[in-house]
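Features of the protein shown, as given by Swiss-Prot:
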type	residues	note
BINDING	52, 53, 54, 55, 56, 57	ATP binding site
DOMAIN	37-179	domain 'SIS'
DOMAIN	207-264	domain 'CBS 1'
DOMAIN	273-328	domain 'CBS 2'
C-alpha cells in the first residue's frame, strides 16, 4: 500500500548510502595497480580485449567504447567466445575480464581456452581470493562494498566501482598517449562532441562586414548608435588598417557612467575602452574560445584576429552564436 512521503524518505536514504559507498571506494581502492596496468598497455603491441557477463559486460562495453574513441585498439569479447569468437584472440593479446565475484561460470569456462593462446590475462574483481584472481596474470582488486538494494544482490555499487576504475584507466592511458583534441575529434566527427572537438572559431564568427567598428577618437556619445544597433553589446576600436586597438562594451559604458556621470559621453573611446582585450585567432579551436570566455573576467564576445599576425580583426565571436549551434 502506498504511503505518502515514503518515496522521498527512501530516496534520501539511498542517496546518503551512495555518498557513503563512493567515499569508501576512494578510501580503500589502491590505484597503484592502475598505473602498473597502464605501463603494461603502453608497451603492448597486440590487441586489447575486455569482457564480462551481465552488468559487468555493460561496463566492459563502455570502457571499450571510451578507449576506441581516442584510438586505442580495444575490443569487446562477447558471451559467444566459445562459439567461434575466440578466433579474434591472438597469442600475446591482453584480455581483461570483469567479474565482481570472480566466480562467474562463463568467465571461468573461458580461461583455459584463453590461456592456450596464450594471452596475458587481467582479472578485475572484488574478490582477491577468487578463481578469477588465482588464474589471472595480473589482478585489479576493487573494493567490496554493499549494494544499494535491500538484498545486497543487484549490481549497483559494484558496477559503479567498475565504472570508476574503467574511467581512471582510460583517462590515464589517454593522458600518457598525449592524445590531442584534433586526435580525438578525428575519431568523433558527429554529434555534439564532434562539433566541439572539431569546430574552429572561423566556423561560428560574425564576419568583419557585420562587426561594429569605431575609431579611437570617436566619442562615447557618437558610438552609442553603433553600440546599440548591432546588438553585440560592444564596438571594436580599430585604426584605418583594421588593427584592433581595444573594445568598448556596454559594461564599460555602465561603469563609466557610474564613475564619471554624464561627462563620460564626451570622452573619446581611446580614453575609456578596454585595451588589450581577450582575442582569439580564426583558426583556433572553438573549445578554446569557450574556455577564454569563461576564464578570469568572463566575457560574452571575443574579437577574432587573423591567424598570421593576430593584429587585424577579421570578425567577432559571440556566445549567442555558440549557444545557437548547441555548443554550450
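A Cβ is built for glycine as well, from the same backbone N, Cα and C atoms used for every other residue.
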Other CB atoms, at most 10 A from the CB of residue 54 (ATP binding site): 15
Confidence summary for the domain 'CBS 2' (273-328), mean pLDDT rounded: 90
Proximity verdict for the domain 'CBS 1' (207-264) and the domain 'CBS 2' (273-328), three or more C-beta pairs under 8 Å: yes
Binding-site residues compared (52, 57) - highest count of Cβ atoms within 10 Å: 52
Spatial neighbours of residue 56 (ATP binding site) that are distant in sequence (at least 6 apart) but have CB under 8 A: 98, 99, 100, 104, 155, 159, 162
Check: same-chain CB within 8 A of ATP site center, minus 52, 53, 54, 55, 56, 57: 58, 59, 60, 98, 99, 104, 155
Local backbone state of residue 56 (ATP binding site), from DSSP in three classes: helix
